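Heads up, the thing below is written out as structure tokens.
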Amino acid sequence: MALASLACLALAGPTVAAEASRAPYGVTKTGEAVEAITLKNDRGMTVRILTLGGIIDEVRTPDRHGRLANVIVGLPDLKAYEANGSFNSIVGRFANRIAGGGFTLDGATYKLPSNPKGIAMHGGPHGFGSRIWQARPFSGHGRAGVTLSYRSADGENGYPGALDVSVTYTLDDKNALRLDYEAKTDKPTIVNLTNHSYFNLAGDAARDVYDHRLQIFADRYTPTDESQIPTGEFASVAGTPFDLRQPARIRDRVASAHPQMLLARGFDQNFVVRKQPGDPLPLAARLEDPDSGRVMEIRTTQPGVQVYTANGFNGSQLGSGGGALRQGYGVAFETEHYPDSPNKPQFPSTVLRPGQVFRESTVFSFPTPVRPAARHASAGGQP
């Protein structure tokens, strides 16, 4: 029995405690220092987060053979992130679109910075993704994490009320990355927070994601008009390319001639997450890369998930792996409230008032089945 126990310990390899470390990453064009916070669990998975916008710069996770690769579609440096707005960052104060460039709250009308179509997008040109956040790393009990905090001033980008925001990133020993959002305000305001990271389970954005298999746990979606503003309707996914209740190749669905798919040139759709009684974190989506064997599951408390297949990538930007980022080289899962909620009373409310606390959570987990031979090799044995 003693020999058997020793053999098991040898195969398991040395235990590495979860840790959170910080290091300089660079200086912004306005002279602000940016740090990189690296989280590591005892299985070797690592996550790197920047204090600029809470950007998730890397998620290194194993394939079926135990080989680690970055499944985040990262950018090569700080300059590239500064030039690309909400890329891989926290999005706020209001994620996604607001029609007409504004909203009315308690009888007062607020105008927001808008694009040429009159749409306020992702919190404005200087949203949360372009701000420096204060970092408090932590580790222990098999977890490593960091809490980022930021105070958004009253009137910032046109939004009322000073908003104190925190986002806590926690990496556990099961290869799951959890994001917990919290916000408080001193005046009535609207809040919709998400993370706009692009994933590519092939690793290092080596190719497009069109052969990934995607499953969305949603029976309904919110169709949009030609400006990609929700019409207010809740439509059944049945009989449409948005019916992903069973896994399907992304390539097969984006090839559809459905008007909504043609409008966005791929997926850019908000799905209504199917709630499960007694489950505070229902499964919203599952992504699998058949070649690498990597699997990602997304659970969330949020009512919706906007699935976006990087339709705007055009090859002009290089990724962190050195290759050009072309259309379809990543997929984002923006767990959030529905677009244009402030102007759609039938949608779940995004109003936050003094004394209330905004709380939402999303978990990105990587339950990739690693072959026993790969586990043995990574533990120091012979394959």
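Even glycines carry a Cβ here, placed using N, Cα and C.
All TrEMBL annotations are machine predictions without curation.
As given in TrEMBL:
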type     : residues                                     : note
SIGNAL   : 1-17                                         : signal peptide
BINDING  : ASN96, ARG97, HIS196, SER197, TYR198, ASP268 : beta-D-galactose binding site
ACT_SITE : HIS196                                       : active site, proton donor
ACT_SITE : GLU334                                       : active site, proton acceptor
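Non-local contacts of HIS196 (beta-D-galactose binding site) by the CB criterion (under 8 A, 6+ apart in sequence, same chain) comprise SER86, PHE87, ASN88, SER89, VAL91, ALA95, HIS122, GLY129, ALA332, GLU334. With a 10 A radius on its CB, the residue listed as 'active site, proton acceptor' counts 24 other CB atoms from all the protein chains. Taking every pair among ASN96, ARG97, HIS196, SER197, TYR198, ASP268, the residues listed as contacting beta-D-galactose, the largest Cα to Cα separation comes to 19 Å. Residues within less than 8 Å, Cβ to Cβ, of ASP268 (beta-D-galactose binding site) and separated from it by at least 6 positions along the same chain comprise GLN228, GLN306, VAL307, TYR308, THR309, ASN311. Sequence-distant contacts of SER197 (beta-D-galactose binding site), defined by Cβ-Cβ distance under 8 angstroms and a gap of at least six in the same chain, are ILE56, ILE72, VAL73, ASN88, ALA332.
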